[in-house]
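S.K.: Below is the structure I would like to discuss, written out as structure tokens.
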Ligand SMILES: O=P(O)(O)OC[C@H]1O[C@](O)(CO)[C@@H](O)[C@@H]1O
């Protein structure tokens, strides 16, 4: 039993019913499911906004989905969802509300945290960002020497980098091509070096993105960026024209030397990995312009409303979350692949890794007790068709069950030449062929019928039954990107709610930070670090020797 008297997840009747159902189902063959129901291809599709979501190629029956929905209801997913939208402090270990949905709420919405409607301040910051972005884009905001800003360098890490960097790539076709926009995150000096080596400091704006403004990587890179700028411009006053901050921590921003008049604020109820539609999106907004940014927010909001109000049977994030629970908890899957068939989504899966793995990579429940069930999967993947010539072999013929999401678009971006746009059908032919091959494979008899010698038949047989979700949209617009991201945010929410874990804290990143601080003097000064284990001690000694330090 839980501290609050509720039965623990794996002991609930709904969980046990699913385990029994799995045993009764035995081996599920997609060929059989499709043969039994000729309408499955169209029947198992849902629509949300501009997204067409096909879930027919999953190893589930109507009964599986019904039992999964019962699990969701029994574990309080809908109550927790409503509490999140209401601004309750559902991030219990940090005692915070979880309100990224307020960042994309319309101006007239009312969402209260501690009795205060937060929507007006969200829109006030959006308006300030829009004003600033317009001034940079028009050339009205100049650098210290009066030169126009032509380069924007975002300095941040984790949620203060991955979201805007991913969205910038995704929406490149909508960006001002006259501006160079780069993202620096790694504390490896090579990152900042490569991002700035060909830029004119007089034309460069640094956007320092850090919720806490204490993150060592970001503060270190921001300090080096300031040194780079001042070396060229030679005047402390230049900082005010070349540095802006995106943060919740005005005191630290001022302490760093950035005028808080040049700070765009957000709030502790916005989690880092849920923050790119807050002030953290400023570099993106400068690149695509405020109107496109707002279209993206509208896309997010559309899916928020769908998640909040759609019935369980047609609720897409709920379905995606439940399918993940089915595979992870009842079918033994350890990972989940996200495979976008769009070059512009090259950073989408990396972005989802933080969203999903930092949120649901937990092994104690909300009451602090070890969980007795699997939680978040390893999320991985790269854009098709590249993966097909690398790791798809393992998905098709390996021994692991790897559920995958395929994301594709009917139209290429408008600016492609006719010749390049014509390649789009080939890209999408691969997209459809892969999910078909993964689902239905190729039987030994089909292989034999091709005249393949008997000894090669096992090698050329494809078992099939590799489950996929297909997400199709007309084209990758700012709104569609917002819809996609919100879909995954809420999918992660559903799973965390079922697993009874806090999806909104990230204590697991703390230990490494503390140890790095402790070990650094050993590297630089050869200092004795108390309590250093024998392996790390030997490695540090080897490092110092290789580095040429005595
Ligand atoms: O925006 P900040 O405070 O610099 O934090 C950056 C990132 O560090 C983390 O706290 C831990 O990696 C993330 O959750 C966060 O997105």
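Yeah, the Cβs are placed from backbone N, Cα and C, and that goes for glycine too.
Quantities reported herein were computed from a predicted structural model and do not represent experimental measurements.
According to TrEMBL, the record shows the following:
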ACT_SITE  358  active site, proton donor
ACT_SITE  389  active site
ACT_SITE  513  active site
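Would you situate these features in the structure and describe their surroundings?
M.R.: Sequence-distant neighbours of residue 358 (active site, proton donor) (same chain, 6+ apart, CB under 8 A from its CB) are 158, 273, 506, 508, 509. Secondary structure from DSSP puts residue 358 (active site, proton donor) in a helix.
In three-state terms derived from DSSP, residue 389 (active site) belongs to a helical segment. Taking a C-beta cut-off of under 8 Å and a sequence gap of six or more, residue 389 (active site) has no contacts in its own chain.
Secondary structure at residue 513 (active site), as computed by DSSP, is helix. On its own chain, residue 513 (active site) has 216 as residues at least 6 apart in sequence with a Cβ closer than 8 Å to its own Cβ.
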